[in-house]
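Positions annotated as domain 'Mandelate racemase/muconate lactonizing enzyme C-terminal' by TrEMBL: 149-241. What TrEMBL lists as active site, proton donor is Lys170. The Mg(2+) binding site annotation in TrEMBL covers Asp195, Glu220, Asp245. Taken from TrEMBL, the feature active site, proton acceptor covers Lys269.
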Amino acid sequence: MSHLQPIQLKEVTLHKLMMRLKSPFSTSFGTFQDKEFFVIEAVGESGLIGWGESVAFSSPWYTEETFKTNEHMLEDFLIPLLLENPVNHPDEVSERFLPIRRNNMAKAALEGAVWDLYSKQLGIPLAKALGGTKKEIDVGISIGVQDTMNDLIQLIEGYLEEGYKRIKVKIKPGWDVEVIKELRRNFPSLPFMADANSAYTLKDIELLKQLDEYNLLMIEQPLAYDDIVDHAILQKELKTPICLDESILSFEDARKAIELGSCQIINIKIGRVGGLSEAKKIHDYCKQKGIAVWCGGMLEAGIGRAHNIALTTLDQFILPGDTAGSSRYWERDIIDPEVTVHNGQIVVPDTSGIGYEVNREVLRSYTIETKTFS
Ligand SMILES: O=C(O)CCC(=O)C1=CC=C[C@@H](O)[C@@H]1C(=O)O
Ligand SMILES: [Mg+2]
């Protein structure tokens, strides 16, 4: 089909899902195991279907959005705006959403479905539609805070046996320097990094400097979730590269952070920045500026995971991301085939769109409610 064909949605269905993680995930903010989210099914005029997934959690500890704010924004603002008129390209979706402030995860969920539909209309993989070229991508694994050091070491050993080559651990006050020191002692050459999810302030500068001894790949979001100024001060004091996650909600945020020297690396999460088009803009800018990027995770199910895989095929994604295999999270993922990791790599699907089929039966088994808008 011609790429000039506009994308007109006929109807959009919100599937409200509840999926239980195989094991609880703990951060500096607390622990959770049940994930509520939306799968978005966008049906085009042609009958082709685009899929999206909302990544906000049930409570607003990571960003201000929640599963329920996503529902409100999608139902009352975003879906009606998109049903109104066609778009010629998925990049126009974020322009259409400009009158609505933030709510990036809600926007990204719907925009992701449009990107999938667009690439299916063209009959090409989403990765290719985005301009990605990699045939396989390198991935690592992110491990939540554990009860004991022993638990953490055992988990890491298990994941290394599965072939993961980069490990990310969570740190928080009281679970930091000693943990990192112990890990480095146990795994002298392991590429690993620490994510603080904003658990520190500049008062902790001496403590954070101690981490320089352990050759971390990076320290992710040590300071406030909305800060780029203190991070610039901290980066000047640290040898370890700072990676920003929570602080970067848009291309403009990325530009300013790089300008200030607040980080050397950016974790790009599609949901956090409002969609694939914005993610690509940040990627392109980072490439121009020589800033490494990698794809973060939000404990996604298969559809969100597939979008992450497609994005990671862009060439500035030079560091392994958090997109682990389906089995790290779920007893049964909602896609066929499930995402598998061999030797720390995922083979990028080469069929059209996200490249995985949604398994309707599995989808139904996790569904609490569905609503259709036309
Ligand atoms: O496996 C994944 O999807 C990555 C999980 C992960 O590390 C995170 C998910 C969501 C919020 C955070 O705790 C953390 C992160 O900040 O990157
Ligand atoms: Mg993070």
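The backbone N, Cα and C atoms fix where each Cβ goes, glycine too.
Caution: TrEMBL annotation is automatic and unverified by curators.
Location within the structure of each feature annotated in TrEMBL.
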{"residue": "Lys170", "record": "active site, proton donor", "contacts (Cβ under 8 Å, 6+ apart)": "Ser26, Thr27, Ser28, Ser142, Ile143, Gly144, Val145, Ala194, Asp195, Ala196, Asn197"}
{"residue": "Glu220", "record": "Mg(2+) binding site", "contacts (Cβ under 8 Å, 6+ apart)": "Lys168, Met193, Ala194, Asp195, Ala196, Asn197, Ile242, Cys243, Leu244, Asp245, Asn267"}
{"residue": "Lys269", "record": "active site, proton acceptor", "contacts (Cβ under 8 Å, 6+ apart)": "Val55, Asp245, Ala279, Cys295, Gly296, Gly297, Met298"}
- Among Asp195, Asp245, the one of these binding-site residues whose Cβ has the fewest neighbouring Cβ atoms within 10 Å: Asp245
- Please go through the recorded positions Lys170, Glu220, Asp245, Lys269 one by one and keep those whose C-beta falls under 6 A from any atom of ligand 1; give the result in sequence order. Asp245
- Report the recorded positions (Lys170, Asp195, Glu220, Asp245, Lys269) that meet this criterion: Cβ distance to the nearest atom of ligand 2 under 6 Å. Use sequence order and write none if nothing qualifies. Asp195, Glu220, Asp245
- Given the Mg(2+) site Asp195, Glu220, Asp245, its other Cβ neighbours within 8 Å of the Cβ centroid, in chain order, are Lys168, Met193, Ala196, Asn197, Ile219, Gln221, Cys243, Leu244, Glu246, Asn267, Gly296
- Message: With helix taken as DSSP H, G or I, strand as E or B and everything else coil, how many residues of the domain 'Mandelate racemase/muconate lactonizing enzyme C-terminal' (149-241) land in each class?
- Response: 46 helix, 12 strand, 35 coil
